[in-house]
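J.: My questions all concern the structure below.
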Amino acid sequence: MNSKVFAALLLLALSTCVLSEKYCPTPRNTSCKKMNIRNNCCRDSDCTSNAFCCAEPCGNFCHKASDKPGGRRVDPNASCQTGYVYW
């Protein structure tokens with residue numbers, strides 16, 4: 001295979017991967033009272049319809065993926081339990 005064709009195909013494949021990356025949406029709330037913190041998920045596999053488990057000030061919630069960065073996915077290795085979080 002011609003090296004120029006190979007390089008072009010490789011560049012196309014890499015750009016497709018980068019452009020198709022999905023993120024958690026920006027959280028709506030920027031603060032939360034401690035008594036209202038609830039985790040609906042602890043990892044992406046807790047969510048349905050290929051949603052992401054996203055960390056927010058009031059806990060972890062499942063959200064549809066966004067094309068724009070702004071939110072933060074939950075670390076699947078972090079200690080987490082679903083339900084209300086009591087301090």
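Placement of Cβ uses the backbone N, Cα and C atoms for every residue, glycine included.
Quantities reported herein were computed from a predicted structural model and do not represent experimental measurements.
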J.: Looking only at Cys17, Cys24, Cys32, which is named in Swiss-Prot as the disulfide mate of Cys58?
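T.: Record-based pairing for Cys58: Cys32.
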J.: Pick from Cys53, Cys54, Cys62: the cysteine that Swiss-Prot pairs with Cys24 in a disulfide bond.
T.: Cys54
J.: Just confirming the record: what cysteine out of Cys41, Cys42 does Swiss-Prot connect to Cys53 via a disulfide?
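T.: Checking Swiss-Prot, the candidate bonded to Cys53 through a disulfide is Cys41.
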J.: Anything within 10 Å of Cys47 (disulfide bond)? Look among the disulfide-bonded residues Cys24, Cys32, Cys41, Cys53, Cys58, Cys80, comparing CA atoms, and list what you find.
T.: Cys41, Cys53
J.: Roughly how many Å lie between the Cα atoms of Cys53 (disulfide bond) and Cys62 (disulfide bond), rounded to a whole value?
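T.: That separation, Cα to Cα, works out to 5 Å.
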J.: Using DSSP, how many residues in the domain 'WAP' (21-66) fall into helix, strand and coil?
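T.: Split by secondary structure, the domain 'WAP' (21-66) comes out as 6 helix, 14 strand, 26 coil.
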J.: Among the disulfide-bonded residues Cys32, Cys41, Cys53, Cys80, whose Cβ has the fewest other Cβ atoms within 10 Å?
T.: Cys32
